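Structure first, then comments.
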Amino acid sequence: MSGHATNLRVKLPLLCTLLQLATVLLFAFFVQYDSQTSPRLWHEEVQLHSKKPLDHDFYPRYPSFQDVHVMVFLGFGFLMTFLKRYSFGGVAFNFLIAAFALQWSILIQGFFHTFHDGKIHVGIESMINADFCAGSVLISFGALLGKTSPVQLLLMAVLEVTFFGINEYILLSLLQVKDAGGSMTIHTFGAYFGLMVSRVLFRPHLDKSRQREGSTYHSDLFAMIGMLFLWVFWPSFNSAVTAHGDDQQRTVMNTYFSLASSTLSTFAISALVNRGGQLDMVHIQNAALAGGVIVGTSAEMALTPFGALIAGCVAGLVATLGFKFLTPILAAKLKIQDTCGIHNLHGLPGMLGALLGALVAALATPDAYGEGMADIFPLVASGQRSSTQQSLFQLLGLLVSLGMAMVGGILVGAILRMQSLAMPPDALCFEDQIYWEVPEEHHDGFQVVEALSTEEADKATQA
Amino acid sequence: MSGHATNLRVKLPLLCTLLQLATVLLFAFFVQYDSQTSPRLWHEEVQLHSKKPLDHDFYPRYPSFQDVHVMVFLGFGFLMTFLKRYSFGGVAFNFLIAAFALQWSILIQGFFHTFHDGKIHVGIESMINADFCAGSVLISFGALLGKTSPVQLLLMAVLEVTFFGINEYILLSLLQVKDAGGSMTIHTFGAYFGLMVSRVLFRPHLDKSRQREGSTYHSDLFAMIGMLFLWVFWPSFNSAVTAHGDDQQRTVMNTYFSLASSTLSTFAISALVNRGGQLDMVHIQNAALAGGVIVGTSAEMALTPFGALIAGCVAGLVATLGFKFLTPILAAKLKIQDTCGIHNLHGLPGMLGALLGALVAALATPDAYGEGMADIFPLVASGQRSSTQQSLFQLLGLLVSLGMAMVGGILVGAILRMQSLAMPPDALCFEDQIYWEVPEEHHDGFQVVEALSTEEADKATQA
Amino acid sequence: MSGHATNLRVKLPLLCTLLQLATVLLFAFFVQYDSQTSPRLWHEEVQLHSKKPLDHDFYPRYPSFQDVHVMVFLGFGFLMTFLKRYSFGGVAFNFLIAAFALQWSILIQGFFHTFHDGKIHVGIESMINADFCAGSVLISFGALLGKTSPVQLLLMAVLEVTFFGINEYILLSLLQVKDAGGSMTIHTFGAYFGLMVSRVLFRPHLDKSRQREGSTYHSDLFAMIGMLFLWVFWPSFNSAVTAHGDDQQRTVMNTYFSLASSTLSTFAISALVNRGGQLDMVHIQNAALAGGVIVGTSAEMALTPFGALIAGCVAGLVATLGFKFLTPILAAKLKIQDTCGIHNLHGLPGMLGALLGALVAALATPDAYGEGMADIFPLVASGQRSSTQQSLFQLLGLLVSLGMAMVGGILVGAILRMQSLAMPPDALCFEDQIYWEVPEEHHDGFQVVEALSTEEADKATQA
């Protein structure tokens, strides 16, 4: 297949080398250990403030970081193995773009948040935030799964990470919006960015690959590995960068409750919407996670256990109905082909999460928060904003995120349409063989080459 | 299949809605953040006692909680995927009932342990204990795997969680028994409860589904994922709620040693009892875990590394022999059909663990424990009990657990025999297709419908 | 098959019993809780130094331990499931030898490092180090995968753990070499030990089993589970026993960066070296991990983020090229059959890691390290060595490791060649059926027995 347009032999090494070289150079000039990572600086700090080694911020943050790291690489990765003939691409392109996105994000986020004295200072929180940003890119990847080449995906990652960094800076630093678990900055942004890219890359003849756009019994089980790691570690995701003490504890607990109730409503709706009363693995794999997304903004606030349960119920309900009724409409009417249904898992619950965050912020009273107000709503605690004003800023944050995601997605989609980015033809979507050496058992290489040739003949005819 | 008795379309949504609604209402009235989770209360505590944010109990508990959470959802879940045509049901019904059981357990356990001023106060330990209780229900599920509908399982969960809460209260609060890793409260209770339910639901014609009651090469590998996560995180399970410092450390180490030696004895016995000298995956997947169960009571005590090794050896030996010789007898003579062999993994090693705990308690001397006695045996430390008395109370705890489990199990079994709980017919046990949309490759829908009709015809004839 | 030489029925139980009995006895005489694990001693320490329970070393160490534990049992275990008919053996023999190796290593390492007053004192660090040692044995196992019996592997484990302990003692205690992540003590040692054993056990007729020496689509996905857990938790591996505070933080960060860049270079080179431009799962599963190995020595030092990225790039490059070009040469010219390609993942990157460590040590200045020098290079900080001298000792450490590994490997290989260790014949390598009850679907037992008989007939003829 060496002559085909989907051949990665030159394009992928070239792009990887360029990107990695640029990253290495920028790291060489700009990135250095922060004061908790440098041996000299930390020991100076220890002596100056008579600290003990275990007062290091590494200890309360690292377990959460590791959970998030598992979610990004194992969780998202295996969630995307559900397609019967695209499991290699699902887990491994997830791996590739996450491994690049986190490096690039260290630069972009570092430039916006920890740049001083001409240097980006990196520590444990930089790593968590870089993983968060990678997660957002992976959400977008979900809409494009099986329809894009790794070359396109890496290109998307460079640009999306950059847009993500700008958007996050506007929300968190300029608008002073709270969004610890990223309902707006990660989920809403990643989802609508990806959906817009998919819209621009719309394939009218995708039905040529319809026979591959399904799962097998065991590919669904592989996807459950990813799903369950996301579900189990989501409390760590939402709490990884909140303030220490009660904030982390509360965020964890709210997320725990919300996920539990979204699981029940997902099972309930899944059985209800199927004529035969049978459950659908697609719903379980995705909608049961919506409980984590919907409390992304509000989990660190005083949502109450009761509020978390209600939120989760709604999330599971909306997401499952979305898979059943909305995804087909998106594809048919709006020309948005959303392979993993990210609109249901991240888009809608992300927006609902932003709205819920605005609601809970509006209800914040000094009586409920006490001295803890300063950790969650510092501007309200210091009297610079009322609760209502904070709430309005939260809503503004949602609008900005949506706008940035859509503009960014359309722009990036247009770039990804360029020739020579190794995009698969319509008849060979959801097919590992064009990018992977696949073990013999699955091999029908001849047909693939055949299909590629036919496709190109078609194109020649059309041109 | 919409007309069949196993159709979930009405029953499952109805039960889920009822249970979730009840939970939401009870949470609304009774559940609130404890003093470490509420922003106001925690900050008052910090100021009053000049604490630092990292003095929060979240930090020593959360990593263990996450490990236990992985065990409950991934560990138990994937362990139950070993059946060739019931892997969806194994992992996903595990997910459903655990997600409900933990919510219900927050209420039940909260009512018994953290109820004051008319409210249940929830914090990080509530979450760990709720997961423990869910684990106990999942053990019972193991005996019923493939033979019960999700409607039955949810109903069982409501009732079993309630019985669990009462039993745990009697043991830990009234009898002041020590059982940090739950040899009695979790394993013995869950096992004999499930075995009794299975006894009441005995199916004389289960051989009609015999051809599905096996594994495939890859379903055995999926089960190994679950098994190994249980094995690796078991030290966290046993130590998650012990006292801080030396207690958590010692519990972890004893469990680590016990599991290592139970692995060796499992491999040894597995090869020995097979005529061809071949190893059996069923033994490896289950018996090698018995080392964690057998030290559930004693791991926090001064068991010594040597004692832990011995305990583990015995556990692996007993469990493997149980699979080979006892499981067939249980089914044939006692009419107890135990799909996963929970009697071998949780029942026998749980009882042995209770006895071992009583033994180690009896041997407790001030010389060995020093000031640490107060953390492990507070009543012995304060002179209210002698070591021997503590030991006798431990034995009494085992008897109570056994009794409660059996009575509860029989009662619940009787309830689950009700018509209209969507129970699968004998000829369609261990079969995902009756409850799940199964990808085509595995689809022989016609036969299933056929079988259902035949089954009902049979019933009609019998009636 | 009971009469065949590969029958485990007597041999495996016998060896397991002997080894476990010896371990139990040695534990009974020599192993006791250290002062942080004993209830009496820790509480005395708490009172003497007015410590708080959370000052216990368990808290900063345990999360890393659990990550390492996952790597050893899940990570290595599933990485070895890639063979189409040896996945049971891959994951389960990994489990067996790790469960034994950690017990034996508690004795050997304990004897060298925490032996006083006639007792080995064990605590949380003993457990981490025992897991590390088990990891080294599992690396060696990688070269032998599918070609050795569990009897041989257990025997290798006893001896390799012993050699490992001696080698580690020479490096860390006598030469005062730094090697927190084990580039030398774990990776280089494990790799060249295993390669030498494989050399001695060279099979000229291994091509008789060539048809089984490949993967299937799903066995490659199982291997990706193991791979990704190794990748995600490697920062914990390298930092698990470094000094607290900045050291753990820095080690984690350097490893994180190195792995990210080794992933990009692996994908780039994998596409480049394939004529069709297709990616190769073998490379992704292995070479992308080399970034963790290459910083095993230097990650705790002031490697800088930039240095970590460069190191990772080189590691991915070297490892991928190794798989493509070196592995075939090793087999053909040097008669070293390396099933998993451990030379590429652990051998070469381990040696490069040792050299990189020596380089970074040579560049250590008081200006860069400040008071932190004492944690990393205590002899340099105290003036007993110059940086250059430390660097030379690091190089000496590499040579000692290589020498010990090779001598040990040859010796052990010679022992493993003994008759009656149940070694599989050339025509039945990479085949689970000789040691496992395999579910029917995969069963062609007749052929296996046939093959065994033919093999033995062949042998009889040759003899």
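Glycine is no exception: its Cβ is also placed from the backbone N, Cα and C atoms.
Where the annotation comes from TrEMBL, it is an automatic prediction and has not been curated.
Annotated domain 'Ammonium transporter AmtB-like' per TrEMBL: A:62-417, in sequence order.
Marked as transmembrane segment by TrEMBL: A:12-33 (among others). Counting only same-chain residues 6+ beyond the ends of the transmembrane segment (A:12-33), those with a CB under 8 A from a CB of the stretch are 41, 100, 103-104, 106-107, 110-111, 115, 118-123, 150-151, 154-155, 158, 422.
Look at TrEMBL and you will find A:64-83 (among others) tagged as transmembrane segment.
Same-chain neighbours of the transmembrane segment (A:95-115): 19-20, 23, 26-27, 30-31, 34, 72-73, 76-77, 121-123, 126-127, 129-131, 133-135, 137-138, 141, 150, 153-154, 156-158, 160-162, 164-166, 168-169, 173, counting only residues six or more beyond its ends whose CB sits under 8 Å from a CB of the stretch. The transmembrane segment annotation in TrEMBL covers A:95-115 (among others).
What TrEMBL records for A:127-146 (among others) is transmembrane segment.
Here TrEMBL flags A:153-172 (among others) as transmembrane segment. Only residues 6 or more beyond the boundaries of the transmembrane segment (A:153-172), in the same chain, are considered here, and those with a CB under 8 A from a CB of the stretch are 15-16, 19, 93, 96-97, 100-101, 104-105, 108-109, 111-113, 133-134, 136-137, 140-141, 144, 179, 184-185, 189-190, 193, 197, 397, 400-401, 404-405, 408, 411-412, 415-416, 421.
Taken from TrEMBL, the feature transmembrane segment applies to A:184-202 (among others).
Sequence-distant neighbours of the transmembrane segment (A:214-234) (same chain, 6+ residues past either end, Cβ-Cβ under 8 Å): 67-68, 70-71, 74-84, 87, 255, 259, 263, 281, 284-286, 288-289, 291-292. Here TrEMBL flags A:214-234 (among others) as transmembrane segment.
Residues 181, 231, 234-235, 237-239, 280, 283-284, 287-292, 294-295, 298-300, 303, 305, 307-317, 319-321, 324 of the same chain lie 6+ residues outside the transmembrane segment (A:254-274) yet bring a C-beta within less than 8 angstroms of a C-beta in it. The transmembrane segment annotation in TrEMBL covers A:254-274 (among others).
Per TrEMBL, the feature transmembrane segment maps to A:286-303 (among others).
Taken from TrEMBL, the feature transmembrane segment covers A:309-332 (among others).
The transmembrane segment annotation in TrEMBL covers A:344-364 (among others).
Counting residues 6+ beyond its ends, the transmembrane segment (A:392-416) has Cβ neighbours under 8 Å at 140, 148, 152, 155-156, 159-160, 163, 166-167, 170-171, 175-179, 184-185, 188-201, 297, 351, 354-355, 357-358, 361, 385, 423 in the same chain. Positions annotated as transmembrane segment by TrEMBL: A:392-416 (among others).
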| message | How about long-range neighbours of the transmembrane segment (A:309-332): same chain, 6 or more residues beyond its ends, C-beta under 8 Å? | response | 195, 257-266, 268-270, 273, 280, 282-283, 286-291, 293-295, 298, 303, 338, 341, 343-345, 348-349, 352, 356
| Hey, would you say the transmembrane segment (A:344-364) packs against the transmembrane segment (A:64-83), going by three or more CB pairs under 8 A that are 6+ residues apart? | no
| said: Do any residues, 6 or more residues outside the transmembrane segment (A:286-303), come within under 8 Å Cβ-to-Cβ of it, and if so which ones? | reply: 79, 178-184, 186-187, 227, 230-231, 234, 237-239, 242-243, 247, 250-251, 254-255, 258-263, 266-267, 269-270, 311-312, 314-316, 318-320, 322-323, 340-341, 344-346, 348-350, 352-354, 356-361, 364, 368-369, 376, 394
| request: Find the average pLDDT over the domain 'Ammonium transporter AmtB-like' (A:62-417) in the predicted model and report it. | output: 97
| said: Quick test of the contact rule: Cβ under 8 Å, at least six residues beyond the ends. What residues does that give for the transmembrane segment (A:184-202)? | reply: 132-133, 135-144, 147-148, 156, 160, 163-164, 167-168, 171-172, 177, 293, 296-297, 330, 334-338, 342-343, 345-347, 349-351, 353-354, 357, 397-398, 401-402, 404-406, 408-410, 412-414, 416-417, 423
